[in-house]
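Undergrad: Before I ask anything, let me first share the structure, which is written out below as structure tokens.
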Amino acid sequence: MSAQYQRFLKVLEKWPAEKSKVGSGEWTAEPAIKMSGAKIISGTAVAKSIREELRNEVTAMSKQLADFVPGLRIVQVGGREDSNVYIRMKIKAATEIGIDAAHVQLPRSITEVELLDKINDLNEDPRVHGIIVQMPLDCDTPIDSHRITDAVSPEKDVDGLHTVNEGRLAIGDLGGFLPCTPWGCLELIRRSGVEIAGARAVVLGRSKIVGTPAAELLKWANATVTVCHSKTRNLEEITRSADILVVGIGVAEMVKGSWIKPGAVVIDCGINVKPDASKASGSKLVGDVDYAEALQVAGHLTPVPGGVGPMTVAMLMKNTVRSAARFLERLAKSQWALQTLPLKPQRPVPSDIVIARAQKPKDIAVLAKEIGLEAREVSLYGNKKAKISLSVLERLKDKEVGHYVVVAGMTPTPLGEGKTTTLMGLVQALGAHKLRNTMAALRQPSQGPTFGIKGGAAGGGYAQVIPMEEFNLHLTGDIHAVSAANNLLAAQLDTRIFHENTQKDKALYDRLVPAIKGQRKFSPIQLRRLQKLGITKTDPDTLTADEYGPFARLDIDPDTIMWERVVDINDRYLRTITVGQSPTEKGISRETRFSISVASEIMAVLALSRSLEDMKQRLADMVVAFDKRGKPVTADDLGVTGALAVLLKDALEPNLMQSLEGTPVLVHAGPFANIAHGCNSIIADEVGLKLVGKNGFVCTEAGFGSDIGMEKFCNIKCRTSGRKPNAMVLVATVRAIKMHGGGAPVTPGAPLNKQYTEENLELVQKGLPNLLQHIENGKAFGMPVVVSLNAHSADTPAEHELVKKAALEAGAFAAVVSTHWADGGAGAVQLADAVIKACEQGNQFRLLYDLELPLVDKMNKIATTMYGAGKVVLSPAAEEKVKRLTDAGFGNLPICMSKVSGSFTGDAKIKGAPKGFTLDVEDVYVSAGAGFVVAMCGEVTKMPGLPTRPAIYDIDLNTETGEIEGLF
């Protein structure tokens, strides 16, 4: 770099931002002839004015969203001094405005791939609203600069150099980012007061950065534009015809006074160094226009320096603030640009899989964009399902949440009453027909029931999740991850018992903390074990026998082991098994059992976790057994916490699918409702509530009847999340009401008794108490209850009217008949209207009990309020376990009542709504990771069995088309 050029850079960097400093000494732009006729257009003054305007805009943004700051990143490869000067100027201007500007300096050795990766990281960073790549690239290896500028997201290309933004400008779409120097030129022309429309404009120079975009901007400002360049003939004649002359040819003082039309506006974009012995620096800055001559002819003229240069930086800042404003606008935008899928209901209504196959789902990436997700927040699993990154919660942390609706049911028949179908009909009605931002949030179904008797759980008829095969089978593998994590813990538990029984303390300790390359070191999880034991030493070689013995030996009591292996199929022969029968296990065997995967405590942990850190802590806290002194043994004690978290890391991200009408559906976690809390994940609901925004709706469901799933949704899930539901939808059917009125048993696979296919008002009247108890259950939590009567073809209008009248008299907010199974969202519009009105009532939600109550008192509160029981009675074994859990510090946890789903009582054969009965609690255990104490009311199996004729008989794969057949 020449000494003359270095002096030029110093002069350039010192060029003042304050207009008051211009006009004396070294800063004078030809002061001797400043008194002549042309008006000087001060870019410095205009840029200062723009910066002040931008500073006010940034201040307003921070008031609109607390702590919001526009972000600019300036990427530089190498360390060219001229680039450093320009970067410092940009950062100085940004800081003055209130923009968070950072210099991302990368080494000369960087490769094109590495540079593209860095730019992609910035593209995906929500804190960054503008990115510029400083040119030229000062690199050791060849890098395609055009590819680099096009790698910057068009939405963050504040230099305006991306091909997309250039193309938008070329066709007159000025909604993209405009190149900074040409935009600055246009602003200077406008501020001169000269009318652009109809004027003759000549642009001298055709560079990508200045000449070409300047010509386009003038053209779309309605000037008549001619572009000239080094090959243009009669150049002087053409420029002399211009009312507006923009010069960026790169030749010092090329344009003479004779080239300029008298009174013309002349914008000089050039900057050159010219020797000048009269200057202390030995040189001066000049433009592409002979300034002295132009002053005599032009009407308006920009100086060099102090003309276009400051405007380039100012317009860069303006683009950055503009980008940040668009980000804020998208964040605050209330209405999704959702393209719904039309339904064409057929009569008679076809099977679920035929309906699902007839509807072509939209690409899941399209749906994700429609609902406001950024590409970096979505991991695609093919074209129809995706995972959503938890980073979306950080991006939307300040966004107001929508209305929260829980769909529950009356005590169901073995056939189910259509909660999921009603939920899907409701969200299709809200999203596709009422045009409200609406998200369904569902549990992922277990494969066990899918291949057993119940079938799938995607909804039914014209109110479904699609593709239903993906939904009902593997989806994205979350349940498999839960199974793997659960069984890893089970394997470590039995293995630890084996090793402790076959080794003495010292040998056990030496194997747990081995010397690696001559050095022994505790792992982080072992340090936590030491801390739990009150041992402060960190050097393994310093522990005494009294210290390393308790550290190495968990001393698990096999009779207290609560942890079971799992598999996600119905297998009755795994309900009781013996493990450790191989001779290699040296006679250390025990009786245990398998549960179905969704019954694992890890599934409940997944559903109740609020973050990765929260999940990891919950996994650590899981109690697998008690030691021989009665102290709890945890997953952390077994050293397995980190490994479990690794297996479950991706499973914590909710899955995105869609309804038959193209509205979004979140599918995540699937704990059973009779043995766990029976709700989808807190994280899925939270993501949904943020995405739908203030006026939107997230509709989720709670398993089985309100006495089971909804009670746990409120007392466990909402207590954990801190969210308060705005309304409860109570799903009922005439069929279920008749059953509770004394109707014949409803048996899967068997024809319905004619009591259910003919009008029978007497049975309906007798069965209403069951429905009314469920209405009371919702009211006990302060929620407005909307009864949705899921219409069946055998129902009669008189039966419907009887149910609606009774529901309203019992205090339901509304009672409507819904036909979503046959009609899709259109059949649930009345339900949607009722839900909207219910959510406008104001939130009066309250919990049922305080955690400080003793465990048995909490059980009694649930049983008497939710079930109508007189009291709970604990078996001696349950009483002993309550005492043990209370002594161990678990007395302040919420209660998860595990009981049959087909009755308010502990006996599934007792229907209706009995009062004052005794509820027997046979067993009590803690799910410390999930954060609740389970009370077992009677025998509830955690491993279903296959029926005589399971659904597998009808399920097949068409090897010609690859389609799955027979799912329902």
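In case you wondered, yes, glycine gets a Cβ from its N, Cα and C as well.
Keep in mind that this is a model prediction, so the values were computed, not measured.
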Undergrad: Among Ser230, Ser241, which residue does Swiss-Prot name as a further NADP(+) binder in the site formed by Gly205, Arg206, Ser207?
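TA: Site partner of Gly205, Arg206, Ser207 for NADP(+), according to Swiss-Prot: Ser230.
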Undergrad: Comparing the binding-site residues Gly307, Pro414, Gly416, Gly418, which residue's C-beta has the most other C-beta atoms within 10 angstroms in this structure?
TA: Gly307
Undergrad: Which one is it, among the binding-site residues Gln134, Ser230, Gly307, Gly309, that lies nearest to Lys419 (ATP binding site) by Cα separation?
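TA: So, of the listed binding-site residues, the one sitting closest to Lys419 (ATP binding site) is Gln134.
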Undergrad: Can you tell me how far the Cα of Thr420 (ATP binding site) sits from the Cα of Gly309 (substrate binding site), in Å?
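TA: Thr420 (ATP binding site) to Gly309 (substrate binding site), Cα-Cα distance: 63 Å.
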Undergrad: Using C-alpha positions only, work out which of the binding-site residues Lys90, Arg206, Ser230, Pro305 is nearest to Gly418 (ATP binding site).
TA: Lys90
Undergrad: What are the sequence-distant neighbours of Gln134 (substrate binding site), meaning same chain, six or more residues apart, C-beta distance under 8 angstroms?
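TA: In sequence order, the residues whose Cβ lies under 8 Å from that of Gln134 (substrate binding site) (at least 6 apart) are Ile74, Val75, Gln76, Val77, Ser83, Tyr86, Ile87.
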Undergrad: Over all pairs within Gly205, Arg206, Ser207, Ser230, the annotated NADP(+) binders, what is the largest Cα to Cα distance, rounded to whole Å?
TA: 11
Undergrad: Going by Cα-Cα distance, which of the binding-site residues (Arg88, Gly205, Ser207, Gly309) sits nearest to Glu417 (ATP binding site)?
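TA: So, of the listed binding-site residues, the one sitting closest to Glu417 (ATP binding site) is Arg88.
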Undergrad: Please work out which residue of Arg88, Lys90, Arg206, Lys419 has the most C-beta neighbours within 10 angstroms of its C-beta, and give that one of the binding-site residues.
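TA: When each Cβ's neighbours within 10 Å are tallied, Lys419 leads.
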